[in-house]
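First up is the structure itself, then whatever we jot down about it.
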């Protein structure tokens, strides 16, 4: 009877969670017992146990209380024969090897002289302890850690997808570093799809296909970047299909990175799409404001540079969609201050960070006027304390666009809106960023105002 109640809990969770979330985390979880309000579950391994505790315990608890009809406390244990222990997971080193031996990391095929043009070895900066985890990347980071610790088991392949400059390559190479740190003898191969294709063409021309296959199919861990570029390349897809199968059958871990999920890669063979989707697809999205600030703070610490909080907020508010651009902006700011001798302040750094180098920006009044026009409110209402929905929405959008289109710091933007606190401005920016991906009406209104102000042409995001 109690087990039947757990099945009802699972059924309810299946209705309320996405299919990937349910299939990955809830379905493999086993019922152990329920007594005196204590619900005990068994996770297949330590990673799943930690993930359930951190991300689903409250959801499971609330659902179980509805089914069991009483207060419930959820306990998650690890299956007795699980090969991965919590102790190993938490204490394993994550630092990169100081030097990789020539045979340990293969990133070009140079050992077989297939390519004259080679890719670099794993970037020493791309390790787990230099990756800032936020809501945008938590699942991908956790999956990458799980794969690095226990390759070839649960998530094979691991398919990491997301836009340009969001950390896919960082996570992918961090997996390689981790494996080499705990197993220096591991055969780790990092390759771009372009290099795979070029090596294939060269092998065909030189009649060295067996050498090509031996090299790519010998890896314990293969990391393939930009797999979306395989689209339309029929012979490359054919060869990669057989390479994939050989590696998977041998228990080797496969990690793929793409700017889109498999289902959105055009002219991709159905069988490859199926293979790419058979493990775990983890997406990395643009970081929110707090995560961007944390990224800047961490990079500043690595560079041993002290930054005032308002400058961190300013840069984080100006570069919203690409971590490379965000870190690049900080690098330019540090170099600019070092060369000119100017202090690291918003006033001294802001003009230098104009993406087009033109120093052209909209004025606060222009932003207020255009936002008021589109939202059918007045600038005075936006500066007031009114909490009417149309006014509060317009105010938030105004703060967001003023941050994008002007050089004003958060406190100064707050002053423009009637003396609002800088934390109110931060919250407004955060809310608009969320709504841009979930509320088509807000997205349309924001784009209309951008067009009216020509913010896009003046300031690329």
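Cβ from N, Cα, C; glycine included.
According to Swiss-Prot, the protein carries these features:
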type	residues	note
REGION	1-85	region 'Domain I, interacts with DnaA modulators'
REGION	85-120	region 'Domain II'
REGION	85-109	region 'Disordered'
REGION	121-337	region 'Domain III, AAA+ region'
BINDING	165, 167, 168, 169	ATP binding site
REGION	338-461	region 'Domain IV, binds dsDNA'
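This view paints the features noted in Swiss-Prot onto the structure.
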residue: 165; record: ATP binding site; Cβ contacts under 8 Å, 6 or more apart: 322, 323, 324, 325
residue: 167; record: ATP binding site; Cβ contacts under 8 Å, 6 or more apart: 131, 137, 140, 284, 323
residue: 168; record: ATP binding site; Cβ contacts under 8 Å, 6 or more apart: 140, 160, 161, 162, 225, 257, 258, 284
residue: 169; record: ATP binding site; Cβ contacts under 8 Å, 6 or more apart: 126, 225, 257
For the recorded ATP site formed by 165, 167, 168, 169, which further same-chain residues have Cβ atoms within 8 Å of the site's Cβ center?
162, 164, 166, 170, 171, 257, 284, 323, 324
Along the region 'Domain I, interacts with DnaA modulators' (1-85), what average pLDDT does this model show?
81
